[in-house]
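Participant: This is the feature table in Swiss-Prot:
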type: DOMAIN; residues: 7-126; note: domain 'Longin'
type: DOMAIN; residues: 137-197; note: domain 'v-SNARE coiled-coil homology'
type: LIPID; residues: C193; note: S-palmitoyl cysteine
type: LIPID; residues: C194; note: S-farnesyl cysteine
type: MOD_RES; residues: C194; note: cysteine methyl ester
Amino acid sequence: MKLYSVSILRFDPKPVQLLCTASDLSSFSFFQRSSIGEFMNFFTKTVAERTNPGQRQDVEQSNYVFHVYNRSDGLCGVIASDKEYPLRVAYTLLNKILDEFLTKNPRTKWESGAVTLSFPELDTYLSKYQDPKQADTIMRVQQELDETKDVLHKTIESVLARGEKLDDLIQRSDNLSTQSRMFYKSAKKQNSCCIIA
């Protein structure tokens, strides 16, 4: 699960304008990074333009998924990730960054034209959400629940195995008890015929 970029765009008034972006292309070779970065910026703008206000959508392109949330207030957020990244976490991140961006940068700052704004929190969110299980409480609880369930299954299996071993031990004890009674009876018979006077 990997996040490649997080972008905030101005959707209204058109044309779409990239306000700020953060990307992590370290998983690509040095020579591929610039072309992949350009591709992601181009595709981010294209997907944002084609998403209606108030809607969310996911667009797959090659090995990437672009998660888009175009809000009714003129802001649009786009996340580029791999196909394994969970949808719920992606949209949680989009809501969070768009709300925080709007709080720190009122509409008057970005609605009037081609501006690029500084929003260093994007880099923080990009690194924090690389591991969605650590960033998302529900996923973290689900992971802990799965781990607990695995431990519980192993414990139950070992208890059942011990129970089977106890059953075997009881059976052997019964067999030994039966054999010792038979030995006692045969020894008593043999001793009864050989009385020394």
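FYI, residue positions are counted from 1 along the chain as it appears here.
Even glycines carry a Cβ here, placed using N, Cα and C.
Surface or core, plus neighbours and distances: that's what I need for these features.
Facilitator: According to DSSP, the domain 'Longin' (7-126) comprises 48 helix, 33 strand, 39 coil.
When secondary structure is read from DSSP and collapsed to three states, C193 (S-palmitoyl cysteine) falls in the helix class. Other Cβ atoms within 10 Å of the Cβ of C193 (S-palmitoyl cysteine), summed over all protein chains shown, number 6.
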